[in-house]
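Have a look at the structure below, then the notes.
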Amino acid sequence: MIGTSSGTSHNRSRKKKEQCGSCPNRFSKDKRQVAAEDSDTTEVESSTDEEERWKEVARAAEIPADYYNIQKLVKYIKAGNQTATIVSLCCLKDYDLSTQINQFAISDIGGLDVLVNILECSDTKCCLGALKVLSDITLNIDIRKTIVDLDGIPLIVDILNSSMKDLKTMAAETLANVCKVRLARKYVRTCGGIPKLVDLIDIKLSILKTPRDQLSPDDLESLDMTRAGARALFTLADSKHNMEQMRKSGIVPLMAQLLKSCHIDVVIPIMGTVRKCSSEPKFQLAITTEGMIPDIVSHLSSENTELKMEGSTAIYKCAFDGTTRDLVREAGGLEPLVTIIKDKNVRENKPLLRGATGAIWMCAVTDANVKVLDQLRTVNHLVALLNDECDEVLTNVTGAISECVRFQSNREQLRQAGGLPAMVSLLNSSHAPLLENLAKGLKECAEDPDSMRILEDLDAVRLIWSLLKNPTTRVQAHAAYAICPCVRNANDSAELVRSLVGAMELVVGLLKSKDIMVLSAVCAAIATIAQDQTNLAILTDLKVIYKLADLVQTTDDLLRMNLAAAVAACACFGNNTEELGRLRTVTPIVTYMTSDNPLVHRSTAMALEKLSMDPQNCITMHQSGVVPFLLECIGSTNKELQLAAAGCLRNIRELALRAEEYLLKIDDD
């Protein structure tokens with residue numbers, strides 16, 4: 001007999017322990033112990049009380065005759081001979097096994113144990129029949145978990161060694177469903193199943209490019225096997241460990257080949273695998289070097305929305321690299337992306353909209369891409385999406401706008417399209433990535449005087465300032481950077497700052513932050529606010545000098561640049577110059593001149609010029625060896641750097657002359 005009764009289940013278990021070669025150690029550990037060793041295997045094995053209640057309700061409903069007929073067939077499989085088993089399996093397939101009640105019929109009578117047991121037999125027809133049933137019923141999450149508990153994964157993986165294509169196809173189809181359980185994904189990897197599945201998708205390019213109705217029966221079998229393998233790999237790619245194993249098994253060139261297929265049912269799962277893998281840096285590079293970008297772009301114009309979603313999301317994840325962004329433009333990928341976001345029928349498809357807007361955002365980082373997007377009136381289409389209810393979509397939209405408005409023409413376009421009020425209203429959101437992009441975009445808009453007038457009318461400066469209270473450091477940093485042009489370009493900016501209760505206290509308080517980006521942005525904001533003498537007096541009362549002095553030992557060039565600018569702005573009030581010298585800030589600031597960044601040189605020279613107003617500071621600078629650096633800066637093409645360096649040298653020289661005159665006077669006396 002092919003099937004077993006409950007009395008022989010112990011023998012079957014012992015037989016598996018002795019004969020399973022795919023996973024020799026899988027019986028040496030308790031499942032819970034295995035799960036604890038790998039983060040990919042954490043799975044809630046028990047259903048909630050609510051789930052159990054709904055199962056009971058489903059069973060308690062009027063039970064159809066098919067339920068009992070299916071259970072009779074399972075009994076025949078258990079007790080029948082080989083022929084009866086095959087016939088019963090074929091009859092079982094005639095029922096709709098995708099319905100829950102029919103799935104219950106199999107599991108309630110112990111049919112899952114029987115089906116898994118059949119996978120061990122040597123009769124290929126029985127195995128094929130069992131796999132066909134399993135591939136249908138494993139759409140049910142509880143059945144998937146049961147298959148894993150019955151140690152079915154190693155048996156299915158072993159079948160991938162078969163020489164029969166249809167058997168391997170059904171095994172891969174079953175794995176595609178069962179591996180939605182995390183523990184199953186680990187078992188496939190540890191049993192060596194990933195290289196076998198990768199082998200399934202190694203197919204001739206001629207088959208991929210030939211329409212299905214023109215393929216021979218053997219080629220059709222190969223195509224179906226490839227599709228099943230692609231589906232299984234798509235499910236397995238939810239694990240980082242599996243993705244790395246897939247890469248080592250040589251999946252990258254095979255993915256590139258499958259993307260050229262004319263068969264949508266093959267392209268969709270492999271595009272999904274590309275999308276999942278593109279979150280890994282090693283895959284991002286491989287996707288570019290294998291020339292996948294043009295093929296991904298070609299599918300963006302497909303009629304299939306799932307394919308467009310997978311493709312646009314893959315570009316979104318890969319376009320962090322400048323080379324990839326250029327390839328997208330050269331392949332004509334920007335046009336279909338804009339076509340997607342302006343299609344009103346896409347608005348309800350959030351995954352597709354999220355992928356397309358994200359891809360546009362990443363591509364807009366490159367200036368050449370922005371020029372193409374301008375020709376497509378992309379800013380107008382993005383503004384139309386600012387009323388979307390999905391935070392992820394809004395994050396991508398505002399991110400794309402923030403990159404586009406780096407150019408003055410797009411600031412005007414955004415203003416004319418009515419985008420500013422919509423962006424300002426979103427400042428009340430609690431989604432940190434969205435707030436970060438809003439701050440970046442409004443910072444660029446504040447550079448435009450006309451846009452700044454609108455922002456003032458909308459009370460945007462107060463809302464941006466309030467973002468400094470946000471617990472996310474990146475939001476704090478970009479908000480502080482956005483404050484700079486707002487203060488610089490606002491009407492009566494000095495009074496505007498003072499009208500915001502607690503505004504300067506909030507800024508100075510952030511100098512205690514541990515985040516370099518926040519500190520740098522806050523220093524830039526202080527340098528701007530301190531341009532007004534009244535505001536500078538308030539900052540001085542808030543002990544800003546002491547907090548700045550605590551930061552001078554930094555080695556970060558961005559912080560050095562903005563810190564030096566803040567020191568330059570604050571030094572010229574009261575006795576701040578002398579106090580900064582007393583706090584031993586001069587020598588560390590002189591070391592900033594060793595930086596390779598000319599912007600650091602400029603702000604450092606400006607700070608040193610202000611500090612050199614105090615004679616003691618001049619002496620310290622001279623002893624620190626600042627003169628050669630200043631002489632070199634005088635030859636710079638940057639006028640501000642030239643003037644600041646010359647001013648500092650003048651102050652040092654004047655002190656030296658006064659000292660020389662004093663010594664001569666003493667000698668004369």
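Quick reminder: no glycine exception, Cβ is built from N, Cα and C everywhere.
Taken from Swiss-Prot, the feature compositional bias 'Polar residues' covers 1-10.
Taken from Swiss-Prot, the feature compositional bias 'Acidic residues' applies to 37-51.
Sequence annotations record features per position, and here Swiss-Prot assigns region 'Disordered' to 1-53.
The repeat 'ARM 1' annotation in Swiss-Prot covers 100-139.
Under the heading repeat 'ARM 2', Swiss-Prot lists 141-180, citing sequence analysis as support.
What Swiss-Prot records for 240-279 is repeat 'ARM 3', and it gives sequence analysis as the kind of evidence. Packing against the repeat 'ARM 3' (240-279) from elsewhere in the chain are residues 38, 40, 185-186, 188-189, 194-195, 198, 201-203, 205, 208-212, 223, 226-227, 230-231, 233-234, 286-287, 290-292, 295-296, 299, 302, 304, 306-307, 310-311, 313-314, 317-318: each is 6 or more residues past its ends and has a CB under 8 Å from a CB in it.
Across the repeat 'ARM 4' (281-320), mean pLDDT in this model comes to 93. If you look up Swiss-Prot, you'll see 281-320 marked as repeat 'ARM 4'.
Look at Swiss-Prot and you will find 322-365 tagged as repeat 'ARM 5'. Same-chain neighbours of the repeat 'ARM 5' (322-365): 284, 287-288, 293-294, 296-298, 300-301, 305, 308-313, 315-316, 372-373, 376, 378, 381-382, 384-385, 388, 390, 392-393, 396-397, 399-400, 403-404, counting only residues six or more beyond its ends whose CB sits under 8 Å from a CB of the stretch.
Secondary structure of the repeat 'ARM 6' (367-406), assigned with DSSP and counted as helix (H, G, I), strand (E, B) and coil, comes to 29 helix, 0 strand, 11 coil. Feature annotation from Swiss-Prot assigns repeat 'ARM 6' to 367-406; the stated evidence is sequence analysis.
Positions annotated as repeat 'ARM 7' by Swiss-Prot, on the basis of sequence analysis: 408-447.
What Swiss-Prot records for 492-531 is repeat 'ARM 8', and it gives sequence analysis as the kind of evidence.
Sequence annotations record features per position, and here Swiss-Prot assigns repeat 'ARM 9' to 574-613 based on sequence analysis. Applying DSSP to the repeat 'ARM 9' (574-613) sorts its residues as follows: 30 helix, 0 strand, 10 coil.
A Cβ distance under 8 Å defines the sequence-distant neighbours of the repeat 'ARM 10' (615-654), meaning residues of its chain 6+ beyond its ends; these are 577-578, 580-581, 586-587, 590-591, 593-594, 598, 601-602, 605-606, 608-609. Annotation source Swiss-Prot lists repeat 'ARM 10' at 615-654, citing sequence analysis.
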Residue list, the repeat 'ARM 6' (367-406) vs rest of chain: Cβ under 8 Å, 6 or more residues beyond ends.
316, 325-326, 328-329, 334-335, 338, 341-342, 347, 350, 353-354, 357-358, 360-361, 413-414, 417-419, 422-423, 426, 429, 431, 433-434, 437-438, 440-441, 444-445
